[in-house]
Amino acid sequence: MYPTEVIIDRSALRQNFRAIASLAEPSQLVPVIKSDGYGHGIVEVARAFADAGARQFAVFRLEEALTLRRAGITQDLWIMMGLLPEEAEEANDAGFRIACPDLANARMLSQIATARKRHFDIHVKVDTGMGRLGILPETVTDAVRELTALPGLRIRGIFSHLANADSPEHPVTRQQLDCFRTLLPVLPDSCCENHLCASRAILHRYLPELPYIRPGICVYGAPEFPGLQLDLRPAMSLRSRIISCKPLPAGANVSYNCICTLKRPSLVGVLPVGYADGYLRELSNRGEALVRGHRVPILGTVCMGMVMVDLTDLPDAQVGDEAVLLGKQGDQEITVWELCDKAHTIAHVVYCGIGTAAAAAGQRHYQN
Ligand SMILES: *Cc1c(COP(=O)(O)O)cnc(C)c1O
């Protein structure tokens, strides 16, 4: 019997990959599996997406790519952070695609490659308006010329990232899309692995002519995209069990800070799951759990490792009953969107928090 666990449904991951692949055809998916596969487990998600047809993956750091190789993942791996000097030799041996955020970094890579009589395949990052990594658009022509002349580098593509992808009409989005579009014709023919779109941009179908897309959150099944009929299914669920159950009188206080005073005589259940498990403290007095196929409210402040639920309307509830905090039970479902709305955050935060906490505790399991 588990007290608290996270279940990852591999068949949902495969289904999501295929749904996005058919939407974006003929663009190829480069699923983004950084940050332990958004909390789903980097190696397991790579295997699931590979089973569904993935030929390459994007990670952020070298260490993530090495983890995948050690686990036997043979697909092409793209390192979106780029490399630090001390990482370059190991990455060079492994033959990864390397993001290059600026010219100084490119010169470093060139030196290391030439000293070893080898080369790096690079994707040049262009900052079209995100204000994060990348060279500025007005320098791209000169930079590509200089990089092409540097020995030991092969510029395979350019890429960029949108700051506000969900707002097609936002001036920054328009300007970023226009900017990227106008850069493409000035690139040498060999620079053909160009990519821009993450999940939201993919669903909006921006620049569908680009050969690669970088879906993250949507391949984990968090769509919520009005107007698009896409067969996406969340892969992660979080469930716990009632470990204690007792009646308390009206007027009694539940949990820290006295923000919950019972209005009626109540049956109060305790679940061994809290913010240390990624169940956000912002869900205090607001979240719900599924018990015996019904929604029950969270009572009071979410503690580090426990949370209380109101079982008054389920008089048969007892110790050992399952309580679902994210996912389905019977015909009820608590979606990641519901948690995001209540906690004022995004699905990425919820998944990373719940998934990595469960992995660290040995409580993340896989099915299908
Ligand atoms: C994380 C990330 C993505 C994926 O973003 P989603 O919104 O989860 O699809 C794509 N590209 C870059 C550069 C990223 O850092």
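Cβ from N, Cα, C; glycine included.
These features come from TrEMBL:
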- Lys34: active site, proton acceptor (ACT_SITE)
- Tyr256: active site, proton acceptor (ACT_SITE)
- Arg132, Met304: substrate binding site (BINDING)
- 235-367: domain 'Alanine racemase C-terminal' (DOMAIN)
- Lys34: N6-(pyridoxal phosphate)lysine (MOD_RES)
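Arg132 (substrate binding site) sits 17 Å from Lys34 (active site, proton acceptor), taking the CA atoms of both as reference points. In this structure the alpha carbons, written CA, of Lys34 (active site, proton acceptor) and Met304 (substrate binding site) are 26 Å apart.
Rounded to a whole number, the C-alpha distance linking Met304 (substrate binding site) with Tyr256 (active site, proton acceptor) is 11 angstrom. In this view, Arg132 (substrate binding site) is surrounded by 10 other Cβ atoms within 10 Å of its Cβ, with every protein chain counted. Taken through DSSP, the domain 'Alanine racemase C-terminal' (235-367) splits into 31 helix, 48 strand, 54 coil. Applying an 8 A CB threshold to same-chain residues 6+ apart, the list for Tyr256 (active site, proton acceptor) reads Gly300, Thr301, Cys303.
Fewest other C-beta atoms within 10 Å: among the recorded positions Lys34, Met304, that description fits Met304.
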